[in-house]
Amino acid sequence: MYTFSNKLKIGSFILMALGILGIAIGFISAPSTIEEAKAIVASHGDGHGDAHGAVDAHEVTGHEVSAETHGEAAEAHGESHDSSHDEHLLHQLQNKPWAALYVAAFFFFMIALGVLAFYAIQRAAQAGWSPLLFRVMEGITSYLVPGGIIVFVILALSMFHMNHLFVWADADVVANDHLLQGKAGYLNPTFFLIRAAIFLGGWIFYREYSRKLSLKQDESDDNSNFKLNFRISAGFLVFYLISESIMSWDWIMSVDPHWFSTLFGWYVFASMFVSGITVIAMVTIYLKSRGYLPDVNDSHIHDLAKFMFGISIFWTYLWFSQFMLIWYSNIPEEITYFITRIEDYRLPFFGMVAMNFLFPVLLLMNSDYKRLNWFVIMAGVVILGGHYMDIFNMIMPSTVGDQWFIGIPEIGAVLFFAGLFIFWVFRALTTAPLQPKRNPFIEESRHFHY
Amino acid sequence: MASKAIHAYYDDDDVLMLAVKRVKAAKHHIEEVYCPFPVHGLDKAMGLAPTRIAITSFIYGCIGLTVATVMMNYIMIEDWPQDIGGKPSFSYIENMPSFVPIMFELTVFFAAHLMVITFYMRSRLWPFKEAENPDVRTTDDHFLMEIDIHDNEKELKDLLLDTGAVEINIVEKTSH
């Protein structure tokens, strides 16, 4: 049995406390009026001022051109544009703490969900190497319950107009937007929350049921629990693929309701899958270093690192396929998605490709390095950072636009959810023996070597 | 050089593995082992150095990537930067996404083909090459261990028979 080390427990509480502080500062410092919003932008210092100045200059030349052609009408247009611009700015700044919270909440939730998918695949594929790690995976997926509830609450608050994360939830916006009216049959608050509840319910149900069967198998004298677990895992994977795809449209793609991409579901899946595998590897290495997983050897770590390497490349393949197809054809209604990201988010957008692709490819290519624990941890930290940036790049441009910054609200939210994640996962690990007893593949897994 | 060698035959790969370990422990140099199929762990038991073919492949891949980049930079950007359907051909980086499929494929092409050719050359394999089996049975169901004899024929024979060899032959070696 694993005992939760006091140091780790206190560490997770400190993370949560610091995180709550950061989140609170984020919400307190968000502007409530247009004047406050303008003051925040004006006091923002030189670094940001330059970029904004360039945009202003651009707008001025744009207006001059239109003034020449349209005369007086253009001036009237300019004024109305100014006031709508201010309101837009206010919404962006008000969204900042919400978006920071949402990105971090989703990021840690998707780690647990990615691990759940990996776990179901290992069961459905009857993998011989991984049963030793099943309890570690079950521990991580226990975070689905609190993480899922928090994400659901944030989504519900968005639907009840506490923020402007999802513009289509605002009836006034929809009334003036023909495109959103066309999508209202799918994108409406009631149906949205029902879908979210069904998906979360399905994922949590599988997790709890599979965990129960897994523990029952330890005490039973035949393999019926194992066989049933195999069947429900195969069934879950079908449900997961459909629900994950729809979830990615709902929870992520719909912050940009004018834009659409067909491989988006796979892209989000790759991101959560590689993050989940990375966390399995990191938790396993931590537990092993504390002496709790004596039968886990280099080859298990090697296999996890191979998955990290392979799925990182898979993520890049999907990232590039999405980017290149849209860049190549350059259709206006699709390309805006990448134009905003490349203009306002150049460093995070391309930095994440370096973190999620170049770094793991070069570090984890060598077979010997995949067996070095500190190497896997180091690559894992970069991969997780890169996939946080990935979610950041998906949510932020359409919620806060060019007002983004990785400051106190963003870091606070990450610290809070990291603390909660660590606390919940390691607490769950104490509730069952770390090594399954009667799994039919456990002997093979104990003697696994590559 | 030794002109005589001892050929020990085995009919089971587990027996062969144990025999290889015994012979290594007795500090005899194993000249060669002929198997009908790959025996897992045989290279470790024989103490063979690990292969470096993956490293060559990585280098070939880097060469392929360089070839693709230099080629397309020259053709598409420097030599004749035409406007083809509005693609920006002012610099390589601006038009890079459309070159990536070619860069990827050439990297894989070079890495794969040059590595295979390296393998053929290093293993001395080519069409019309004369086969080197000492015994046709080693391609079907027998394993053969070859050890050079240095005036220790009796001792080697006893050792090999003790390890479970099903047949032992003394052969005159013909130089390769």
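Glycine residues also receive a Cβ, built from the backbone N, Cα and C atoms like all the rest.
Curation plays no part in TrEMBL annotations; they are all automatic predictions.
Copied over from TrEMBL, here are the features:
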- A:12-30: transmembrane segment (TRANSMEM)
- A:66-86: region 'Disordered' (REGION)
- A:99-121: transmembrane segment (TRANSMEM)
- A:142-166: transmembrane segment (TRANSMEM)
- A:186-206: transmembrane segment (TRANSMEM)
- A:232-252: transmembrane segment (TRANSMEM)
- A:264-287: transmembrane segment (TRANSMEM)
- A:307-327: transmembrane segment (TRANSMEM)
- A:347-365: transmembrane segment (TRANSMEM)
- A:372-392: transmembrane segment (TRANSMEM)
- A:404-429: transmembrane segment (TRANSMEM)
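Here the transmembrane segment (A:372-392) touches the transmembrane segment (A:264-287). Their Cβ atoms form 3 or more pairs under 8 Å, with each pair 6 or more residues apart. Ranked by number of Cβ pairs under 8 Å to the transmembrane segment (A:99-121), the listed stretches A:12-30, A:264-287, A:404-429 are led by A:264-287. The highest tally of CB pairs under 8 A with the transmembrane segment (A:404-429), across A:142-166, A:264-287, A:307-327, is held by A:142-166. Listed as Cβ neighbours of the transmembrane segment (A:12-30) (distance under 8 Å, sequence separation of 6 or more from its ends, same chain) are residues 93-94, 96-97, 100-101, 408-420, 422-423, 426.
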